[in-house]
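In what follows, a single structure is set out as structure tokens and then discussed.
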């Protein structure tokens, strides 16, 4: 491949800057004019390719003549002037108005006889909407729905839960703060558990965050109504309590007590024995009264528990408990 010479013959001037072509110049293959490399507006890559190949170079003047820019320059200026104005005049088409022939009534009847077939429904119309979310699953993910967390056999949907939201809520740094942008489902949470971290309701049906404090609810005893009976109708027996230390069960006083009695002039052994016998008799009387009250209520309690004898009919003859409980007491 022949390499072109960059230096033109002597006495040649550049067509752009009209200076002598002493340095490298490019020759136009159409007008045979020479141009400096800097005046040709070519890149270094194009200049190297031009000198090492048989490619042709066409200057800007010859290129505009080839494209016909000068010929249509006036029309181009007129069009640009119209576009720059605010009110552009409407263009009128030179084509004549074409009138279509009117259709007769017979042709219209033929068209009406062949109706257009209906458009088949699209796939979107055939697809049914997904079932709504189970409301029991919304409130309690684990124990709300009877079918379980996965919802096998439930007619409603059980979506996948966002565990970060369920365990830590929306306010914690470990929780989920995406809201509706989260691809997973956010169930309903207990408001008091989210705000205070505690829930004191006995039967709260909503989801609780991880670490929520609960109170232990214990069963209360059966209350007694104003009439003094419980729910089974048994009268509440309020028995008199014996004293903390029954004197008749204790041992006779000795030591300092005896010395105190002697100092008061009450005498020794016989006086002390008489006082002990009197106090023991009073204690025994109290026990007899307690047994009497228990025996009075015992038949009624057994009648209610066993259901026999029946409550209907004349009342049974009461026993004489006072005679039955008379205990002979021998004074020393």
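Every residue gets a Cβ built from N, Cα and C, even glycine.
Under the heading compositional bias 'Polar residues', TrEMBL lists 244-254. If you look up TrEMBL, you'll see 156-189 marked as domain 'C3H1-type'. Among the features that TrEMBL reports, region 'Disordered' is placed at 93-124, 244-263. What TrEMBL lists as zinc finger is 156-189.
With DSSP classes pooled into helix, strand and coil, the tally for the domain 'C3H1-type' (156-189) is 9 helix, 4 strand, 21 coil. As a whole-number mean, the pLDDT of the zinc finger (156-189) in this prediction is 86.
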